[in-house]
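K.L.:
Here's the feature list from TrEMBL:
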{"type": "SIGNAL", "residues": "1-22", "note": "signal peptide"}
{"type": "DOMAIN", "residues": "57-318", "note": "domain 'MHD'"}
{"type": "DOMAIN", "residues": "80-160", "note": "domain 'Cadherin'"}
{"type": "DOMAIN", "residues": "161-269", "note": "domain 'Cadherin'"}
{"type": "DOMAIN", "residues": "270-384", "note": "domain 'Cadherin'"}
{"type": "DOMAIN", "residues": "385-489", "note": "domain 'Cadherin'"}
{"type": "DOMAIN", "residues": "489-603", "note": "domain 'Cadherin'"}
{"type": "TRANSMEM", "residues": "603-634", "note": "transmembrane segment"}
Amino acid sequence: MTVQQVLLLLLLWMWLSHPCHTEMLFRRTPDLRPKSFGGRALGNDGKAIHRQKRGWMWNQFFLLEEYTGSDYQYVGKLHSDQDKGDGSLKYILSGDGAGTLFIIDEKTGDIHATRRIDREEKAFYTLRAQAINRRTLRPVEPESEFVIKIHDINDNEPTFPEEIYTASVPEMSVVGTSVVQVTATDADDPSYGNSARIIYSILQGQPYFSVEPETGIIRTALPNMNRENREQYQVVIQAKDMGGQMGGLSGTTTVNITLTDVNDNPPRFPQSTVHLRIPESSPVGTAIGSVKATDADTGKNAEVEYRIIDGDGTDMFDIVTQKDTQEGIITVRKPLDYETRRLYTLKVEAENTHVDPRFYYLGPFKDTTIVKISVEDVDEPPVFSRSSYLFEVHEDIELGTIIGTVMARDPDSASSPIRFSLDRHTDLDRIFNIHSGNGSIYTSKPLDREISQWHNLSVIAAEINNPKDTTRVPVYVRILDVNDNAPQFAVFYDTFVCENARAGQLIQTISAVDKDDPLGGQKFFFSLAAVNPNFTVQDNEDNTARILTRRNGFSRHEISTYLLPVVISDNDYPIQSSTGTLTIRVCACDSRGNMQSCSAEALLLPAGLSTGALVAILLCIIILLVIVVLFAALKRQRKKEPLILSKEDIRDNIVSYNDEGGGEEDTQAFDIGTLRNPAAIEDKKLRRDIIPETLFVPRRTPSAPDNTDVRDFINQRLKEHDTDPSAPPYDSLATYAYEGNDSIAESLSSLESGTTEGDQNYDYLREWGPRFNKLAEMYGGGESDKDTS
């Protein structure tokens with residue numbers, strides 16, 4: 001029997017057991033029918049109309065979904081007990097889908113569905129039915145609701161909300177450990193038949209996993225599944241309706257299951273013995289190499305801690321765990337020496353830091369390996385006998401005295417000779433020197449503890465065969481004190497004695513200091529160099545002394561200042577002493593002994609004039625002097641101003657040619673002979689120093705006699721040009737290099753006028769004619785301005 005035949009039989013069975021249409025009868029119900037209504041209405045003819053209540057006797061309609069027939073699907077029939085079959089009644093249908101999805105025959109009351117209905121879209125429809133009189137259109141039955149319920153068929157397969165699920169379960173889990181639950185849904189009606197009853201089964205993933213048929217929970221099916229063997233599994237789950245029976249619809253989903261790691265594998269070293277090498281010159285902290293134990297686990301389950309548990313180099317080496325690489329880094333803990341030991345053996349252990357107690361039986365979760373470290377020989381620098389040296393020496397030793405010796409050796413088997421030297425950066429004054437062969441340090445300059453009490457030197461040792469391989473050692477030289485400094489006054493004392501002082505009066509307390517630093521401490525003694533009739537010194541035996549007067553009364557007019565020599569000596573060996581002189585001034589004091597003034601000159605000073613006032617007066621004087629000097633300089637500069645300030649000044653029309661005369665040999669610009677012999681001038685020879693716009697015929701003027709002086713000649717020509725209207729208005733400066741004898745006007749040039757000491761009188765310019773009036777006004781006005789200023 002095929003699947004189609006089975007489905008056909010199933011539909012037939014459902015059709016017979018659940019009829020899809022029911023005839024709905026409208027009939028009178030005498031016991032429920034009221035005799036009359038509480039109110040009445042009037043018809044068109046004026047007669048009262050009495051409405052009587054009708055009762056409905058009907059069943060619920062059922063309709064099978066997914067109808068595939070070609071005709072409309074019959075739903076049921078409505079019938080009123082007042083229907084006489086004469087067609088006077090009309091049946092009306094309203095509500096969900098009325099007129100579109102459901103139609104009714106107005107005469108017979110038959111209801112049909114116009115198209116195929118899907119229950120998953122809508123499970124039931126609520127409609128209202130009414131019978132009216134076809135002629136009067138008045139209802140003969142009250143309107144009543146009924147329901148058309150859609151019967152379900154198995155037309156939807158189960159579906160999962162996710163196409164692919166992802167789940168995980170720890171490895172080594174026991175059988176039956178829950179992994180994940182998958183749930184499928186079926187759109188069919190769960191309350192009608194087995195269309196929505198789902199059963200789960202596993203299609204792929206056996207024998208590792210299983211699924212519960214009713215709940216869809218996936219569980220482990222094999223014990224001790226090891227992630228290290230296989231980590232990923234793909235399980236296919238099927239959900240089938242109709243309770244899993246044949247003919248039911250089904251859906252599938254895929255579940256990707258990952259085995260998560262647990263610490264079920266101990267660390268293991270791949271080698272039982274590891275060989276490493278390191279030069280003996282490697283400093284402390286140098287990484288020699290690494291060891292690594294492999295662990296099949298991942299994450300924190302694979303974390304390993306390394307330690308050195310045994311061996312002959314436990315004090316010479318350390319091991320540090322590198323977290324990111326899970327390696328054990330072996331480092332140098334102490335300096336190595338090839339000549340002392342050449343091979344070390346270590347026993348290194350690697351142990352898991354996170355151990356799961358459930359898997360103790362798979363342990364122990366640790367492993368060991370042997371690490372052999374070979375020390376390689378290198379050419380080492382010299383080694384000093386000490387890490388530092390301290391020498392003490394007195395400051396009074398003679399030059400060339402040895403203060404100490406440093407010793408160094410070559411640690412290598414060759415034992416090369418050593419050469420010593422001083423780092424001059426630590427002895428810039430070259431106070432010390434060192435013997436290059438034996439390392440003896442001696443003085444080359446005198447020592448002075450008071451200048452420098454400590455000297456920090458650096459001695460360099462180098463192999464003669466390999467000078468680049470050097471070693472340094474600090475040498476501290478302490479200078480011991482010798483009593484070679486005499487005590488002196490601690491401060492400068494400004495001592496005075498009142499004129500009215502009495503004998504035995506204290507005028508000053510003095511103290512002393514000494515640059516030396518004796519072991520027993522400082523002790524000073526004070527005394528006078530000679531007997532003094534005016535003052536005496538009294539030692540207080542506490543490194544201080546008092547200065548006392550020996551007589552009554554002092555006069556500053558007789559002696560204004562006394563000098564008192566005081567001898568200060570120490571008690572160290574050899575005894576050092578010095579003489580300090582106190583300057584004692586005689587001052588006028590009040591009755592309480594307060595100083596008022598000292599020396600006779602002080603009486604002449606104005607009372608109340610302070611130092612600040614004197615400084616202010618001095619500054620004012622300096623400022624006044626500066627102002628006077630500036631004013632004089634400005635006045636002198638004003639005198640030196642040129643006659644013509646600018647070539648562009650239009651007041652004077654002075655043309656500057658910027659060329660000098662060629663001297664006596666230049667016969668083109670002028671002819672000196674013309675000045676001496678005016679009669680020899682050529683009639684047609686024009687001026688070459690100017691270019692006039694219009695050429696006028698020169699007027700013939702009578703020539704001057706031969707004995708005429710040059711001054712008279714110039715004056716004559718000047719008058720001619722002043723009165724000549726055709727002369728061009730050009731002013732030119734010609735250097736004739738000859739001014740004549742005993743000229744009263746001297747030089748006509750103003751170039752040197754600014755350098756003359758005295759002021760010049762320019763009044764004669766007014767006598768030269770109207771062409772010089774402008775110059776006369778300028779220079780005359782200038783003089784008047786100067787006079788007024």
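Just so you know, glycine gets a Cβ as well, placed from its N, Cα and C.
Predicted automatically and left uncurated, TrEMBL annotations should be read as such.
Here the structure is a predicted model, which means the values were calculated and not measured.
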K.L.:
Let me know the model's mean pLDDT on the domain 'Cadherin' (385-489).
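P.N.:
Computed over the domain 'Cadherin' (385-489), the mean pLDDT is 92 on the 0 to 100 scale.
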K.L.:
Determine how many residues of the domain 'Cadherin' (385-489) DSSP places in helix, in strand and in coil.
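P.N.:
The counts are 3 helix, 47 strand, 55 coil.
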K.L.:
Going by DSSP assignments with H, G and I as helix and E and B as strand, what are the residue counts for the domain 'Cadherin' (270-384)?
P.N.:
10 helix, 56 strand, 49 coil
